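The next block holds one structure in the form of structure tokens; read it before the comments.
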């Protein structure tokens with residue numbers, strides 16, 4: 001027992017002396033303690049830190065030299081399975097690093113997070129240590145537990161180290177475990193210096209591969225014909241982060257293509273991808289099909305003209321079996337072309353229901369937007385595909401999502417004069433009172449946006465009839481009739497015809513009343529506990545604006561100021 005207690009006391013004293021630093025007295029004490037039986041390669045019983053690591057923690061270079069001279073293992077592991085080289089790299093201890101490397105320390109050992117000393121030197125922003133490790137041939141592209149290389153870590157915050165790693169040949173195309181390259185990671189982390197430097201390397205590599213003109217074509221209107229690589233970089237950096245990411249993914253795919261022996265065949269296939277699809281479909285056996293898919297798998301997500309990948313082309317040519325095969329072999333279902341269209345946008349535009357089902361089975365984002373801000377549902381509505389609209393609504397597409405102009409799917413359907421689509425959207429719960437960026441509701445778009453409909457009002461009349469029928473279903477028909485005044489009639493159809501017989505100012509005024517009652521009924525139906533009268537009362541400022549006579553306002557569709565006595569005390573204008 002006494003010997004154990006003595007040994008424990010000596011061990012504590014040993015680590016205390018290490019913390020005090022170098023002196024002739026401390027050196028003599030350390031030697032005496034080691035000769036008395038202290039194990040130089042055992043951790044502290046309290047902190048579990050190895051003697052060498054403790055010396056590094058307190059910056060005692062002489063103590064480190066002494067311990068190594070007395071037999072301390074230079075690559076001994078401490079907490080988190082780190083060697084002394086890890087600790088010195090983390091703390092930026094240049095002299096310690098130089099000593100360890102001169103003594104033959106292993107430079108690429110990994111800790112529990114699979115990080116090498118180079119990872120830690122980058123993470124803690126020690127460019128001098130990074131340069132030292134690279135000069136001693138540290139693996140510049142080693143990946144940690146989440147797939148990050150030193151360049152990924154540098155892209156987060158350290159501009160000087162980004163340039164240093166690029167100058168020494170760090171790979172720019174390695175993806176981490178979530179599929180992000182250092183370039184994408186630098187965009188996510190909002191590091192414009194890293195984006196600028198890494199992106200320029202990508203484009204210069206594409207130039208070396210002879211694919212600059214192809215890249216310009218894929219970038220479309222963003223890029224001018226005579227743009228240099230640096231000008232292309234500047235144009236991309238000027239984009240918003242969302243489109244910056246899409247363009248960077250496009251450029252990375254071109255980089256893969258320009259550095260692949262497949263590019264000559266790929267160019268031939270992408271000029272007319274149907275040739276490739278015919279080869280796949282004509283394969284005599286499943287083994288042959290697998291062999292063909294295996295040979296192109298690495299290049300499945302490489303874009304060509306217009307930024308189309310093979311998956312885009314398979315959708316474009318309505319090839320559901322090819323779509324399925326491509327997805328099974330790694331095609332990215334959410335990948336964007338040069339204008340931000342995903343394969344789902346293309347399928348929705350053409351009404352390819354089978355392909356839509358296949359794509360949605362891959363758990364993709366059904367509300368993904370293109371550059372114009374349109375979702376697949378909005379595209380399907382514009383292109384007049386009722387079955388596709390129904391399918392997307394069944395799959396819970398956002399019905400009131402707005403594009404860059406503030407238009408919902410209902411706005412777009414009405415602008416195109418598509419009553420069947422409008423009816424489907426209304427049945428799905430589309431809001432009729434949403435205004436776009438020009439201040440128009442969907443019904444307002446019919447009156448003012450579509451020249452063809454100024455002569456034929458059939459679409460608007462049909463839509464009004466749908467709204468009035470719904471209002472009648474919600475037991476508000478009689479209240480509506482009272483507020484329509486001269487346009488009141490016994491049946492919804494007669495009311496619709498009367499409203500359509502008026503001039504444009506009257507149409508706008510009475511349509512606003514109908515929109516109000518439709519929204520009121522929809523609100524009441526979905527809140528359940530709120531009666532129509534309560535909803536009407538709480539919405540009184542709106543109703544006062546809506547129910548003013550069109551002739552009493554200075555502008556069509558604008559109401560006179562309501563009287564103060566009719567205003568509900570809880571309402572705010």
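For all residues, glycine too, the Cβ spot is worked out from N, Cα and C.
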Range among 524-548, 549-573 that TrEMBL annotates as region 'Disordered': 549-573
Residues of the parent chain within Cβ reach of the repeat 'ANK' (146-177), under 8 Å, 6 or more residues beyond its termini: 118-119, 122-123, 125, 127, 130-131, 134, 140, 183, 185-186, 189, 191, 193-194, 197-198, 201-202, 205, 252, 255-256
Whole-number mean of pLDDT values that fall within the repeat 'ANK' (146-177): 89
